[in-house]
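Asks: Okay, here's the structure, questions in a sec.
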Amino acid sequence: MLKVAIVGKPNVGKSTLFNRIIKVNKSIVDDKPGITRDRIYANAEWLTQHFKLIDTGGLMLDEFDFKKQIELQVNYAITEADVIVFLVSYKEGINNDDHYVAKILKKHKNKKILLAVNKSETRNKDSYDDHEYLRFGFQKPYFISANHGIGIGDLLDAIVDTKLKEIKEEDTFKFCIIGRPNVGKSSLVNCILNEDRMITSNIANTTRDAIDSNFKKDNLLYTIIDTAGIRRKGKIQENVDKYAYLRVEQSISRSNLIVIVLDGSEEFNEQDEVIAGLAHKANIPSIIVVNKWDIVKEKDEKTMNKFIKTIRIKFKFLSWTPIVFLSAIENKRINTLFNEIKSIRENLNLKFNSKILTDLVFKLQMLNSPPLFNRGRIKINHVTQVDGQIPTFVLFCNNPEYLHFSYARYLENEIRKSLGLNNVPITLYFKNKTDKIRGKKNDK
């Protein structure tokens, strides 16, 4: 797939252009320099042509926190991209930072570079000011307004004009990484991807955007989503943190799996419980990762079991969730995490024959009969699997409205155990035996 990077100094509108092209607010936009500090990826389309769009941190000459790391991110993006959109601002004019960016881009002569002059909504169309931008040496400029949508079509025409061999998209398994600030989420992403894709530091909340990264492992395609650290709501003061909190919820909503990262070197706190609650609410598989295991003090053969016991008590609503101990910074026990991810992926794709399911539930009813109600006893006489993000089963019975939640929980736990679905949640729907059901899988 064609890859397109948007590059420029801070505050020229890179994230606004990125959002305009992909038509959603994926990158956090604000007036503060460097608010987009990692490179953000998204799929985009123009005139039936698909391409991958990359937003980057801004390059600038002045001394500035994260300057060197942002420059490294931009260089990664430039190396990776087939087309580079060099964005400058008509409103602010050209300065040394723009020439600095141009100097870097000229080193990449094999790349297609498109100069886009943003914030040009006030420009007179009859003005002859192209020469100021032609000095950069990148053919004719495209005058646009990302905020107002002016000139975007012409720029996109030039982007998709680049010819590349089509690569067939494969099914990808998406998992997001969530946790409070500074528990090592970005270090874990870098460890998995074997590159400094994310800006990492010991300053809490270095990562503010949700960032998608595609990679292959064992011939399977994955998408990993790293998110901003979740603070307690009372501490969410800046707009940026509010946006990031919403982005975490959005990331969860488009994931197949949630990786909850805890800091093993500190006591688990209320924030960790709130984050685990988000995972529970989503009702999709999750894995609890205890990171920084390398710096946990006074470990012995019982330490891990003590941690597991504490986690099971604190997060009792995630009793089925696997727990993995690792050190992202030391690249230790990462394979343990991937073994769990692969197992969950396989379990989510399992399909079960209706006869097997019905026989299983009959046996469970024989072992533990449904409780009586004023009209008699409930009897489940048929079970089938239907489409769902997690294994979803419909149980047909008489008077389902009288089924007690404790018996439903008994069935859920026993079905999960009997079918080997110990590391994923399942959903049970109880329907009247006369109801029709949609989305039923064909039995094999």
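In case you wondered, yes, glycine gets a Cβ from its N, Cα and C as well.
Here Swiss-Prot flags 8-15, 55-59, 118-121 as GTP 1 binding site, drawing on sequence analysis. Residues annotated as GTP 2 binding site in Swiss-Prot: 179-186, 226-230, 291-294. For 2-167, the entry in Swiss-Prot reads domain 'EngA-type G 1'. Positions annotated as domain 'EngA-type G 2' by Swiss-Prot: 173-349. The feature domain 'KH-like' is assigned by Swiss-Prot to 350-434.
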Asks: What is the total of other Cβ atoms whose distance to the Cβ of Asn182 (GTP 2 binding site) is within 10 Å?
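Replies: Other Cβ atoms within 10 Å of Asn182 (GTP 2 binding site): 19.
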Asks: Using DSSP, what is the helix/strand/coil residue split across the domain 'KH-like' (350-434)?
Replies: 31 helix, 23 strand, 31 coil
Asks: Would you mind checking how many other C-beta atoms are within 10 angstroms of the C-beta on Thr56 (GTP 1 binding site)?
Replies: 29
Asks: Go through Asn11, Ser120, the listed binding-site residues, and name the one with the sparsest Cβ surroundings, counting other Cβ atoms within 10 Å.
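Replies: Sparsest of the binding-site residues Asn11, Ser120 by Cβ contacts within 10 Å: Asn11.
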Asks: Return the member of Asn11, Thr56, Ser120 nearest to Trp293 (GTP 2 binding site) in space, with distance defined Cα to Cα and candidates limited to these binding-site residues.
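Replies: Comparing Cα positions, the closest of these binding-site residues turns out to be Thr56.
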Asks: Express the predicted model's confidence over the domain 'EngA-type G 1' (2-167) as a mean pLDDT, rounded to an integer.
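Replies: On average, pLDDT over the domain 'EngA-type G 1' (2-167) sits at 77.
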Asks: Once the DSSP letters are reduced so that anything not helix or strand counts as coil, what is Asn11 (GTP 1 binding site)?
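Replies: Asn11 (GTP 1 binding site) sits in coil per DSSP, no helix or strand.
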